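Q: These came from Swiss-Prot, pasted as-is:
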REGION    22-29  region 'Required for catalytic activity'
BINDING   Asn180, Arg354, Arg368  O-phospho-L-serine binding site
MOD_RES   Lys243  N6-(pyridoxal phosphate)lysine
Amino acid sequence: MVDTMNARNTQFTKAFHALKQNAGSHSPSMEDLKKMFPTLEIKIDACYLSNPYASELVLDYIDRELIQTNAYKKVLTHYPSQQRSLQKVMAESLHVKPENIFIGNGATEIIQMLLQQEEVQKVALMIPTFSSYYEFVGKGCEVVYFPLNERDDYSFDADKYCQFIENEQPDTVVLINPNNPNGAYLSLEKMHILLKRLAFVPRIIIDESFIHFAYEDEALTCLSSTVLFDMYPNVIIVKSLSKDFGIAGVRLGYALMDSRKIDALLEHGFLWNINGIGEYCLRLFVREDFLKRYEEARKQYIKEMCRFKEALLGIENVYVYPSMANFVMLKLPSRIKASFVISALLVEYGIYVRTMADKIGVEGECIRIAGRTREENNCIVMALKSILKDSK
């Protein structure tokens, strides 16, 4: 039985590896997987990072307000609002000036746009990190890496990082908080200390794509770095609403930055870079009725993530890296290949997780698992225990 499973998984692993190479440093989409493996039934998507409870909330609004009323026809056939109009919509909720808001087709579009500006000539990054930050830099741009230590759980030493920046003198510094792929978090207090020391850096990009899943008190208060943008003129904040709302397919994000940078961008495009469905979801962000329910979904998800992480800690011989995001990075026993576990999860259980094999700076056999609903998380834990037990 085990030998049959191993043979089937080995064959699948080779085919999946080829598909992964075509996808670059990102995971193959669900559609690409279904196309290559027609008989594969993916039951749980624990690869892509979004809040499943928020997904259901947004779908409920879309169903009631767009589908049942036939309003979706206007959303699909009419031009969406332009960037300047949507800036004013977001300003109501963020309490910042409209001219300081840039709305993007997902956070990735914003990252690419920021890193390909002519003035960006030297970028400082921590590794491991989100691959787009070193893939999207402009031609001729130098990238310097600050390696996070595996022995310290890839946590962030602000003092050492400041020394590194002072020595390297980059014009652009990137901070992902919580970090991807390990979920390490830097508190708001420590962030203030860091930014004061790095006041000499022309621009600091703070990517908060996962900040809604972090917390600093028992009330799980929603964290915001808008105050950082107000206090430090060199700071640019990047946010992903796709992850917050659980709507990765819509592609929606925004950034807070100097109005002059936004004016320069809008001179060369980005007039209608958000589609009609994206605009509808964006307008939910400023509605009190939606935000009240979203806050309930956000806290429900955080509580489930805490329970899920505790359950993962109970798996024998697996190391669980501390995380304040909606995902967890696991280090497998050295005798077990991550590729085998990923294939076994997909083939035998229909669970899709992320390999860390292509992540610069990650040591050992590691996988990343996104948190899902309680029922789905229970299935993930059960499947992992079974696979690792059979692999002894």
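Every residue, even glycine, has its Cβ placed from backbone N, Cα and C.
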Q: Including all protein chains shown, what's the count of other C-beta atoms within 10 A of the C-beta of Arg368 (O-phospho-L-serine binding site)?
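A: Taking every protein chain into account, the count is 26.
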Q: Using DSSP, how many residues in the region 'Required for catalytic activity' (22-29) fall into helix, strand and coil?
A: 1 helix, 0 strand, 7 coil
Q: In angstrom units, rounded to an integer, how far apart are the Cα atoms of Asn180 (O-phospho-L-serine binding site) and the residue listed as 'N6-(pyridoxal phosphate)lysine'?
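A: One finds 13 Å between the Cα atoms of these residues.
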Q: Would you find the one among the recorded positions Lys243, Arg354 whose Cβ has the most company, meaning other Cβ atoms within 10 Å?
A: Lys243
Q: To the nearest Å, how far is the Cα of Lys243 (N6-(pyridoxal phosphate)lysine) from the Cα of Arg354 (O-phospho-L-serine binding site)?
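A: If we compare the Cα positions of Lys243 (N6-(pyridoxal phosphate)lysine) and Arg354 (O-phospho-L-serine binding site), the gap is 16 Å.
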Q: What's the longest C-alpha separation between any two of Asn180, Arg354, Arg368, the listed O-phospho-L-serine-binding residues, in angstrom?
A: 12
Q: In the three-state scheme derived from DSSP, which category covers the residue listed as 'N6-(pyridoxal phosphate)lysine'?
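A: The three-state answer is helix.
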Q: For O-phospho-L-serine, what surrounds Asn180, Arg354, Arg368 with a Cβ no more than 8 Å from their Cβ centroid?
A: Cys47, Leu49, Pro181, Phe327, Met329, Met356, Lys359, Ala370
Q: If you run the three-state DSSP split on Arg368 (O-phospho-L-serine binding site), which class comes out?
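A: Where Arg368 (O-phospho-L-serine binding site) sits, the three-state DSSP reduction gives strand.
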Q: Please report the three-state DSSP label of Asn180 (O-phospho-L-serine binding site).
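A: DSSP assigns Asn180 (O-phospho-L-serine binding site) to coil.
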Q: Enter the number of other CB atoms within 10 angstroms of the CB of Asn180 (O-phospho-L-serine binding site).
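A: Result for Asn180 (O-phospho-L-serine binding site): 23 other Cβ atoms within 10 Å.
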